[in-house]
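Notes to accompany the following structure.
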Amino acid sequence: MAALHAKLPLTPPHLPAPPSSTPAAGKSRVELPDIVLDCKRLDKLMKSGRLGDALDLFDQMPRKNVIAWTSAISGCTRNGRPESAMAMFIDMLESGVAANDFACNAALVACADAGALGLGEQVHSLAVRAGFAGDAWIGSCLIELYARCGTLSAAKDVFDRMESPDVVGYTSLISALCRNDEFALAMEALCQMMRQGLQPNEHTMTSILAACPRGLGEQIHGYMLKTMGLQSVYASSALIDLYSRNGDIDLAKMVFENLDCKNIVSWCSMMQLYIRNGRLEDALRVFCSLISEGVEPNEFAFSIALGACGSISLGSQLHCSAIKRDLMTDIRVSNALLSMYGRSGLVEELEALLNKIENPDVVSWTAAISANFQNGFSEKAVKLLSQMHSEGFTPNDYAFSSGLSSCADLALLDQGRQFHCLALKLGCDSKICTGNALINMYSKCGKIESARLAFDVMHLHDVTSWNSLIHGFGQHGDANLALETFNEMCSCGCKPDDSTFLGVLVGCNHAATKKTLMASTAVAGEVLDGSNPTVARLRQLISGRPDAKDGWSRCWNEGVTPWDLGQPTPAVLELVKSGTLPSDAATVLHPRQRGCCGTTEGNGKNCKVEEDGTAQPVESAF
């Protein structure tokens, strides 16, 4: 089967019509015992994940009936090979075997997984010609196909044509509506379903819970307790996810602990709950409990655990455990390992792992590019982004962001422009991550006009977008434009943060314009807290941040220093009294300021600026 491993073309071939001489779909002559036995073996191999062995058996079968073909098609889709499943469906028809409703179901599921709308529409036509398009299962598969391919109107049309939709049909429609952000319509469908006397099942409720707000979710929780007893692991996992999204860890934990039988889905839901709320150690404890209770972790559990892992020692153990369980062929596990090694700064191990992945995807490349940039290997990050594109992968917003930021660090203007052109072709230049990186890259490469153009092209701006432009103007000594951008930011309703304020101060400091500085800080203070800025406000902005110490140093160097040129320094005094000391650079206030920045109280220690501009650093608080 040469077509088995080949990818389908973008425009799929026309499916052959069902052979007229073939017995009716789904009907066949009495099969030989060998064929029946082979079909059972094939189905068992597919369900156990042994795809290679199953395909070998299938190729060796001297005679293949529609049951064998359907098992092979479903197995390929189940094992992550929907393209091969679609190619196999075409081979089946070309071999003269007529598709029955089960075969069409399997083909439609494969088309939905692969997003192959064109071939899916042809399978739909084939089902109509064969006379089983009105089947409830076929209808549900068609709704799923059209919804996942973004044609919600076609999914609604399929549902409307169903003579008497059952729970499965309604559930498919509700799931499609929720997936396409049509929650109000989904609730209407749920109410219509219940008015017709159909009781929603766990899958119906799971679809609703995935999209509903907390208040309604609690009502659904109560309904499920009354009607279902809430022992469904899938529905319980959806409830855990609902409460997790709203920060209700205790309620989510209660749902989990009340489950009599926990499967891997519920364990993974609890791990994701803790990760979403920043409790990484608790997520890892859940993973350990999972193993200790005899539940076999799958690729999802490993990828979640690796995402929570901050210790290279534990991460290496998880890596070894994944190898023992033969999970390294799963791209999700490999990508999680790439991210883990990147966070740990082990770029060499990351590169070795990337080279071992047979079929890296966009996530793999992006993880490697980001890790190299974040660990200071900007040249390698630029090289990887170029290699990713040359090998036929389309970089995403995050890959462009890391690549352009690396160009900014290395001042590679020409390379950055090439990445900009590629992002422009792909439509990524107006996205927030790429746009922010472009502003930063052009600013650091001395092209502030291009930075402004990159800013103007963006459809949406976040605080980082504004800060990047303000810092760009500030570092180029254009305090007026920095202040204008700051005012524009405030008028747009984007709330400044400490980085915004410091960016304006940097511009004023570089321009040596004390008058502009004091005016700008007054405006900034009014926006930030309705009053003129004070040292207390600066402390409130910066305290509690991971980089608080560096932030205070920047305040000394960029803010307090130019504020008090040529006059007494009450701001400096207040900072020193609070126990915050300036850096050595900050104590050099100005050659013309020959006074002392200290106090007559306490032990009298001060910092005197000499005529040549040098100063003694403040060694301790007063």
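Using the three backbone atoms N, Cα and C, a Cβ is placed for every residue, glycine included.
Predicted, not measured: the structure shown is a model, and the values here were computed from it.
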Problem - Annotated stretch (region 'Disordered', per TrEMBL) among the listed ranges 8-27, 188-207, 528-547 - result: 8-27
Exercise for the section: Give the residue counts of the repeat 'PPR' (263-297) per reduced DSSP state, in the order helix, strand, coil. Expected result: 26 helix, 0 strand, 9 coil
Handout entry: the repeat 'PPR' (166-200): DSSP-derived helix, strand, coil residue counts
Key = 26 helix, 0 strand, 9 coil
